[in-house]
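Asker: Structure below; questions to follow.
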Amino acid sequence: MGTEKESPEPDCQKQFQAAVSVIQNLPKNGSYRPSYEEMLRFYSYYKQATMGPCLVPRPGFWDPIGRYKWDAWNSLGKMSREEAMSAYITEMKLVAQKVIDTVPLGEVAEDMFGYFEPLYQVIPDMPRPPETFLRRVTGWKEQVVNGDVGAVSEPPCLPKEPAPPSPESHSPRDLDSEVFCDSLEQLEPELSSGQHLEESVIPGTAPCPPQRKRGCGAARRGPRSWTCGCWGQFEHYRRACRRCRRGCRAWRACPGPLSSLTLSVRLE
């Protein structure tokens, strides 16, 4: 009985997959882009529906975007997977209604309907634009289907397996990168390695291949790395101090406490 409640219904799962494919394939420069809060909600519902409650530790202070995402996911508590899928679909309906209300239909290209078509096929109560717009788009779609089948673009990111991904097959960071377009991909590129972190802390450093990490060719390509620069400055000041000690007459005429101490030791 418990497993039946936990497993989502087939219709709900199909609607969820269609909504995920639409969000992941929204054009970057299209007429509408979800807001920051909407992307966080989509991300949290997606993680809850595919992985369950948030059990991973919160990211560090150096990853503010990761902390926002973690807070949104963790705020869902013990919400079931089916409830998370339903919430994702409901949020998708609100977004569709917002697009219809705010974006002028004259600015929406006809091929834009290809991104939203999966929703109208599986979600009966999906908000729809005016009938005049639907008739124009439906006629375009029928011409494509009857003429050239290859012109019909299938959803590129539609999940092939309805089962949620297992934690053993992907690490949490890999999962975040896979579904990043559900939330914050366009706002903050993910730092996948310490090398990228060093480049973000030190602007202007050129990226180096792993095998040339130590040499790096910084003298020819650009500014030196942080470590090499500090060591070079240290050597410069050390040599300057040596020259100053050799050429300074005051140093020779006025021996310091160390010279007096060595002289007294020799006399004793």
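Cβ atoms here come from the backbone N, Cα and C positions, even for glycine.
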Asker: Among Ser7, Ser166, which is annotated phosphoserine in Swiss-Prot?
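Answerer: Checked Swiss-Prot: the phosphoserine annotation sits on Ser166.
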Asker: For the domain 'ACB' (12-101), what are the DSSP-based totals of helix, strand and coil residues?
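Answerer: In the domain 'ACB' (12-101), the DSSP-based counts are 61 helix, 0 strand, 29 coil.
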Asker: Name the residues of the same chain, 6+ apart in sequence, whose Cβ is under 8 Å from the Cβ of Tyr45 (acyl-CoA binding site)?
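Answerer: Looking at Cβ-Cβ distances below 8 Å from Tyr45 (acyl-CoA binding site), excluding near sequence neighbours, one finds Leu76, Ala84, Met85, Ala87, Tyr88, Glu91.
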Asker: Fewest neighbouring Cβ atoms within 10 Å: which of the binding-site residues Ile23, Leu26, Asn29, Lys69?
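Answerer: Sparsest of the binding-site residues Ile23, Leu26, Asn29, Lys69 by Cβ contacts within 10 Å: Asn29.
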